[in-house]
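Student: Among the features that TrEMBL reports, active site, proton acceptor is placed at K2, Y229. Under the heading substrate binding site, TrEMBL lists R100, M277. Taken from TrEMBL, the feature domain 'Alanine racemase C-terminal' covers 208-336. Annotated N6-(pyridoxal phosphate)lysine per TrEMBL: K2, in sequence order.
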Amino acid sequence: MKANAYGHGAVAVSRALAQAGVTLLGVATLAEGIQLREAGIDAGVIVMGPLVQGEMPDLAAHRLTPVIYSEDFALDLARVLRDQTVPYPVHVEVETGMGRLGVDQDRLLNLLQAPAFKGPLRLEGLMSHFADADSDDPSYTQSQLAQFTGLLERIRRAGVTVPLAHVANTAGILRFPASHLDAVRPGIGLYGYHHSTNQEADVPLRPVLSLLTQIVQVRTIRPGETVSYNRTFRASRATRVGVLPIGYADGYNRLLSNKGTVLIGGKRAPVVGRVCMDMTMVDVTDVPEAQVGADVALIGEQGAERISAVDLARWQGTIPYEVLCAIGPRVRRLHIY
Ligand SMILES: Cc1ncc(COP(=O)(O)O)c(C=O)c1O
């Protein structure tokens with residue numbers, strides 16, 4: 001559910017998933033976890049990103065589950081929770097090759113056998129994260145998985161109980177069935193996208209989000225006239241220009257200037273000129289349906305035409321994750337499920 005459920009609206013998506021039987025949700029930050037609790041979501045919530053010491057009392061007050069990634073973190077948390085009567089559930093992340101958060105493998109058993117885990121903390125889960133599960137070469141992921149399962153075996157043999165071992169992101173789920181273990185952590189796949197475009201043929205997924213707006217003004221400009229900041233679009237013919245009330249502050253990236261395409265009346269209309277903070281202009285000369293009030297899909301389907309976050313990502317030189325996460329708070333979300 002991190003990054004506002006990849007832009008989809010964390011509270012509504014969490015409710016839908018809880019209804020569908022999901023018992024454990026993942027967020028990246030304390031504030032994201034608190035948002036779910038304040039909305040009345042009762043499922044387990046793991047905060048997978050880093051936490052600083054000052055955040056620990058709030059974490060406990062909202063029954064959020066931290067992911068411990070160092071011995072210092074465990075000690076600090078144990079201190080904050082020393083008066084708890086019931087041991088507090090935590091997950092631990094071990095580093096297997098992501099090169100990001102995590103306890104070093106040779107410190108893991110030490111950590112799990114430390115006094116903190118005999119007192120206020122209870123190990124509920126052990127996790128790691130794949131760095132390269134979406135690449136063509138499976139060897140790095142296989143090595144990460146082998147390290148993780150090897151560690152699991154070793155610590156279980158040493159008497160540590162690990163109720164939930166989890167490592168698989170979307171690419172892991174789809175491409176490495178052996179990585180499913182006790183729980184999985186799908187992100188992008190939940191929203192109908194593949195981690196990489198060359199996986200699309202294997203498992204059909206359907207994007208769940210459309211990004212829609214409508215035309216607020218249509219004006220015809222003469223040849224030689226220009227559109228938007230710095231006049232980067234100059235009309236070569238009489239051009240009908242539609243104005244859309246969405247801009248880069250809403251997540252419609254400025255790199256789509258003179259590059260993006262939108263759908264109106266089932267036809268493609270190119271973005272002309274610079275995308276502004278709050279508005280974007282499109283060339284609707286060849287789209288007679290383009291009148292004030294006409295529906296516009298920036299991501300979505302109209303008739304036989306379709307624009308997905310993968311297209312936007314290609315036009316602006318990024319990945320669909322970033323396109324989705326960037327959809328800003330000003331965009332009203334309507335959830336249908
Ligand atoms: C720790 C962790 N688990 C799972 C995911 C989900 O990854 P994906 O969206 O590729 O499924 C992420 C996202 O980056 C993550 O950081």
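Cβ coordinates are placed from backbone N, Cα and C, and glycine is handled just like the others.
Unlike curated records, TrEMBL annotations are generated automatically.
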Student: Reported as an integer number of Å, what is the Cα distance between M277 (substrate binding site) and Y229 (active site, proton acceptor)?
Tutor: 11
Student: Going by a 10 angstroms cut-off between Cβ atoms, which of the recorded positions K2, R100 has the sparsest surroundings?
Tutor: R100
Student: With every protein chain in view, what's the tally of Cβ atoms within 10 Å of the Cβ of Y229 (active site, proton acceptor), excluding that atom itself?
Tutor: 13
Student: Which numbers of helix, strand and coil residues does DSSP report for the domain 'Alanine racemase C-terminal' (208-336)?
Tutor: 23 helix, 43 strand, 63 coil
Student: How many Å lie between the Cα of R100 (substrate binding site) and the Cα of Y229 (active site, proton acceptor)?
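Tutor: Rounded to a whole number, the Cα-Cα distance is 40 Å.
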Student: Just the number: how many Å between the Cα atoms of Y229 (active site, proton acceptor) and K2 (active site, proton acceptor)?
Tutor: 34
